[in-house]
Amino acid sequence: MILSDLLGSDALEADGRRVGGVVDVRLEISGAPAQLLAETVVTGVLVSPRSRVSTWGYERRGENGPVVIARLQRWLHRGSFLVSWDDVELVDEGRVVFRDGYERHDPMLPPAPKT
Amino acid sequence: MKKLFAVALGILTAIGGFVDIGDLVTNAVVGSRFGLGLAWVVLVGVVGICVYAQMSGRVAAVSGRATFEIIRERLGPRAGLANLAASFLINLLTVTAEIGGVALALQLATSVDPMWWIPVAAFGVWIVIWRARFDLLENVTGLLGLTLIVFAVALFMLSPDWGSLADQALRPGPPADEPVATYWFYAIALFGAAMTPYEVFFFSSGAIEEKWTEKDLAKSRLNVLVGFPLGGLLSIAIAGCAAVVLLPASIDVTSLSQVVLPVAEAGGKVALSFAIVGILAATFGAALETTLSSGYTLAQYFGWSWGKFRRPARAARFHLAMIVCILVAVAILATGVDPILVTEYSVVFSAVALPLTYLPILIIANDREYMGDKVNGRGMNLVGTIYLVIILVAATAAIPLLIVTGAGA
């Protein structure tokens with residue numbers, strides 16, 4: 001599977017109701033060791049109800065600068081949520097279906113470690 | 001002493017490196033038609049390039065990553081690809097204009113048809129990129145480019161009516177015989193020439209090439225904040241020369257020989273030879289920078305190993321991409337298209353692509369994950385956002401104005 005199979009797909013609930021579009025995918029580098037990096041594993045999909053535009057990374061850490069762009073992004077992607085990969089029932093061409101009783105998570109990541 | 005020398009060298013190369021074929025041609029054209037009535041645009045453009053070049057240098061030095069690597073990472077592959085396509089194509093157009101400019105400068109020096117000089121110029125660009133050290137190629141062309149100061153000297157030797165020049169500069173607006181749309185079209189072209197996107201890619205990748213750390217930031221800020229404004233003054237001097245000599249005689253600038261005409265009139269052959277060396281150095285230096293920028297953007301987006309600090313065999317795709325770009329530029333020039341025309345289009349399209357380059361830099365300079373506590377302050381964000389609005393307005397107006405004015409005819 002490649003990333004573009006998922007990005008831009010319709011996100012549907014088990015009863016077929018559309019809840020938004022897949023705008024991003026959460027990955028974890030924890031698969032089998034490969035040549036450069038370990039293989040990546042999909043851990044979740046980010047669903048935005050109203051926009052298919054890229055989030056430009058604003059959903060992850062609560063970055064709020066520059067104010068104008070951050071506001072615009074937050075408004076475009078209001079109500080977006082993260083669904084864990086375990087809650088994905090079916091992946092088909094152009095659509096991703098979640099299982100009954102799936103959970104909506106906050107897309108925010110834990111704060112960045114101080115460097 | 002050594003430190004002082006390094007700072008001086010940086011500032012001098014920034015002055016010489018600021019001017020390229022776009023600045024030369026656009027400033028001369030504008031000067032010959034509007035006098036100094038558009039000098040304010042150079043001022044606005046110089047402040048903008050200072051703000052964003054400094055910002056992209058800081059991002060590179062703090063995060064250790066070049067602009068396009070981060071664009072792809074933070075904005076995602078699709079937004080990154082759209083960005084790459086636009087920036088790369090416009091950069092390719094600029095490469096073509098600069099190589100054409102080198103050929104035209106060689107024609108000025110030798111009277112041999114530029115068509116014969118195009119392959120020579122292209123080979124020269126390639127061999128220098130392949131062989132020369134990064135700091136060497138940057139410093140030599142930058143320092144030789146300083147001979148363009150002859151334009152400022154010529155302006156004084158022409159002993160113009162300073163009062164009327166100041167009057168043109170201080171009371172901007174289209175002259176009675178030019179339509180308003182044409183005035184704004186050239187304003188955008190001049191803005192695009194001053195803020196050309198490649199300078200930012202080159203600046204941030206150059207920071208990686210020279211292994212900048214946070215300690216080098218003060219030096220780089222000084223280079224930018226002193227060097228670029230002085231380079232901007234050179235641009236205004238070019239426009240001023242055209243305003244004094246070409247405007248009253250209603251001579252249109254259609255080739256480099258008209259750009260240097262005021263210099264020849266003021267200082268004779270000696271001044272002219274300085275101008276030719278300066279133009280040659282400026283266009284050749286910019287040809288190197290734009291060619292490298294096309295390699296940088298492609299390699300950084302696709303994750304190839306890149307950089308002059310690696311031997312060519314260790315960055316094979318990076319070097320191959322640049323060779324292909326040079327060949328494409330030669331192919332475009334071989335059709336016989338006028339390099340001056342290519343330049344005029346390249347600065348306008350640069351203006352169109354500006355938001356794509358500057359928006360991501362502004363976003364990333366605010367990202368604590370990359371920048372830690374070195375993120376933009378409030379003042380910097382305010383200036384950055386104001387410029388983003390200016391850039392957006394210029395970018396949206398560019399194409400309609402291009403069509404309405406028939407490319408400024």
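Using N, Cα and C of the backbone, Cβ positions are placed for all residues, glycine too.
Nobody curates TrEMBL annotations by hand; they come from automatic prediction.
What TrEMBL records for B:33-53 (among others) is transmembrane segment.
Note on the transmembrane segment (B:81-108): residues 20-22, 24, 68, 71, 75, 114-115, 117-118, 120-122, 124-125, 196-198, 201, 255-257, 260, 276, 279-280, 283-284, 286-287, 290-291, 293-294, 297-298, 301, 325-326, 328-330, 332-333, 339-340, 342-343, 345-346, 349-350, 352-353, 356-357, 360 of its chain, located 6 or more positions outside it, place their CB under 8 angstroms from a CB of the stretch. Among the features that TrEMBL reports, transmembrane segment is placed at B:81-108 (among others).
According to TrEMBL, the transmembrane segment annotation covers B:114-130 (among others). Listed as Cβ neighbours of the transmembrane segment (B:114-130) (distance under 8 Å, sequence separation of 6 or more from its ends, same chain) are residues 99-100, 102-104, 106-107, 137, 284, 287-288, 291-292, 308, 312, 319, 322-323, 326-327, 329-330, 333-334, 336, 339.
If you look up TrEMBL, you'll see B:142-163 (among others) marked as transmembrane segment.
The transmembrane segment annotation in TrEMBL covers B:183-203 (among others). Proximity of distant same-chain residues to the transmembrane segment (B:183-203), defined by a Cβ-Cβ separation under 8 Å and at least 6 residues beyond the stretch ends, is recorded for 20, 22-23, 26-27, 29-30, 33-34, 37-38, 41-42, 44-46, 48-49, 52-53, 56-57, 60, 66-68, 87, 90-91, 94, 173-174, 232, 235, 289-290, 292-293, 296-297, 344, 347-354, 356-358, 361, 391, 394, 397-398, 401-402, 404-405, 407-408.
Beyond its flanks by at least six residues, the transmembrane segment (B:224-251) meets 10-19, 23-24, 27-36, 38-39, 42-43, 45-46, 49-50, 53-54, 57, 148-149, 151-152, 154-155, 158, 160, 165, 168, 194, 258-259, 261-263, 265-266 of its own chain at Cβ-Cβ distances under 8 Å. Among the features that TrEMBL reports, transmembrane segment is placed at B:224-251 (among others).
Proximity of distant same-chain residues to the transmembrane segment (B:271-299), defined by a Cβ-Cβ separation under 8 Å and at least 6 residues beyond the stretch ends, is recorded for 16-17, 19-21, 24, 66, 68, 84, 87-88, 91-92, 94-95, 98-99, 101-102, 104-106, 108-109, 121, 124-125, 128-129, 137-138, 140-151, 153-154, 157, 198-199, 201-202, 205, 256, 259-260, 263-264, 305-306, 308, 315, 317-319, 321-322, 325-326. Residues or ranges marked as transmembrane segment by TrEMBL: B:271-299 (among others).
If you look up TrEMBL, you'll see B:320-341 (among others) marked as transmembrane segment.
The feature transmembrane segment is assigned by TrEMBL to B:347-365 (among others).
Look at TrEMBL and you will find B:386-407 (among others) tagged as transmembrane segment. Remote same-chain partners of the transmembrane segment (B:386-407), defined as residues 6 or more beyond its termini with a Cβ less than 8 Å from a stretch Cβ, comprise 44, 47-48, 51-52, 179, 181-182, 184-185, 188, 191-192, 195, 344-345, 348-349, 351-355, 358-359, 362.
Counting Cβ pairs under 8 Å to the transmembrane segment (B:347-365), the top-ranked stretch among B:33-53, B:142-163, B:320-341 is B:33-53. If one looks beyond the transmembrane segment (B:33-53) by at least 6 residues along the same chain, the residues whose Cβ comes under 8 Å of a Cβ in the stretch are 27, 165, 168-169, 171-175, 178, 183, 186-187, 190-191, 193-195, 199-200, 203, 224-225, 228-229, 231-232, 235-236, 239-240, 243, 247, 252, 358, 361-362, 380, 383-384, 387, 390-391.
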